[in-house]
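Structure first, commentary second.
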């Protein structure tokens, strides 16, 4: 059944581009995006400099500057190899649903459906949670100005009054991001391109402006700062150093976004695959100078860890650029996170549409409907509702919300590793024709991906603070088990003969 579905979709992808009437008949979603639009979805979803900022302070707690930049280099290597394996998979099977269909295709016939359901739930839950985390980051950068300008209002997440404001602002910004996703495809591609411009502007403002500001204020760190270590986790020295991967490994997760919009991309077997790899490559390369920039421009570790705004990096900018000087940069950052969320909604809604279309989600009939513009508006609405509900956990506990968001990197990395593992075992891997191929390096890269993802999964499952207590417990493995159980329930209650049938009959 799966092979018939894949064959049908690949036939759709390779239709004569000049046969417009045939195109309209065969394709479900619009096919508007070109390579740069597809690449932009991954590049913006990764938002390399924004990701480095968000994890910078917490990343230095585990191992200090030395661990942060070395683990970033290792993470770049591991994730780029992983991205190459995923890009090759995308070239072979460039369909919406990407990760979940890749995994199910490479699984043995006996477990195809089971693997598909599990990876589908892993992927859609992770992407939906990323949205909530991204938009809260935008809200935190905005609300940190309260501390900067000494507004008489609490800025501690332990105060319920502040969490209410934080939640309300996050919900408003989320609604704005969602509204962009209701635009027509030929208009939304300009959102993708504008998002790239904002991220590049953010990067160059930091590269040029931040060193000038630091040179006129507290001065740069010397080279010895790069070799400093710090133990803020309470773990033994070796594992404390390894825990830095909790931050750096997550910086280049999300490069699968171009695969989720493959069915909306022209010449998808090449352009979507290139989008997956090049977005990861460019994000990794540009993230490296960002890491060293922030390290050399950082105040002392004691001063850095003493910053107490909802987003400490805002106070970092105040120290270096001044109270008024940092405002423009902060506006650019907030806009960057807003657009980052917008693109995450694009990717996750296409993923939700695909797995609903294939009968893996609740309310599949409604979620998989498309409008006259051949867009899955209902799946966008579903992602909005789910993300809004996740944001509500802020009201109960910021710790719970942060733990929940942090936990969702684990299912994505598990999906990457599982696909590599299944490809190593698969007999059909060589039979698929790809336009973006790793050639003789393919098996080697799959082995490296499996080893790397296994290591990252172990780190992501480890407690972040020692000694272990209810407050320091890492709930990532628990969340993974809960999501997997939901997938198993859906797999159990969904009739076997209803999976993919609706699409094959078309």
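Cβ from N, Cα, C; glycine included.
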- Which range of 144-163, 164-183 is transmembrane segment in TrEMBL? It is 164-183
- Given the ranges 6-28, 190-212, which one is assigned the annotation transmembrane segment in TrEMBL? 190-212
- Query: TrEMBL lists transmembrane segment for one of the ranges 359-378, 379-398; which is that range?
  - Reply: 379-398
- Message: Under 8 Å between C-beta atoms and at least six residues away from its ends: which parts of the chain pack against the transmembrane segment (43-63)?
- Response: 71, 137, 192, 195-196, 199, 202-203, 206, 229-233, 235, 240-244, 246-248, 250-252, 254-255, 257, 279-280, 282-284, 286-287, 290-291, 294, 301, 304-305, 307, 311-313, 333, 336-337, 339-340, 343-344, 347, 464
- Task: Please figure out which one of 69-102, 190-212, 404-424 racks up the most CB pairs under 8 Å against the transmembrane segment (232-255).
- Result: 69-102
- Query: List, by number or range, the same-chain residues at least 6 past the transmembrane segment (327-347) whose CB is under 8 A from its CB atoms?
  - Reply: 40-41, 44-45, 47, 50, 53, 127, 130-131, 134-135, 137-138, 141-142, 145, 173-174, 176-178, 180-181, 188, 191-192, 194-195, 198-199, 201-202, 205-206, 209, 254, 256-257, 260-261, 314, 317, 321, 380, 383-384, 387
- Task: Please indicate, using numbers and ranges, the residues of the same chain that are 6 or more beyond the transmembrane segment (475-493) and have a C-beta under 8 Å from a C-beta there.
- Result: 113-114, 117-118, 120-122, 125, 360-362, 403-404, 406-411, 414, 460-461
- Which sequence positions outside the transmembrane segment (444-463), separated from its termini by at least 6 residues, show Cβ-Cβ distances below 8 Å to it? 78-79, 81-82, 84-85, 239, 242-243, 245-246, 249, 409-410, 413-414, 416-417, 420-421, 423-424, 438, 472-474, 476-477
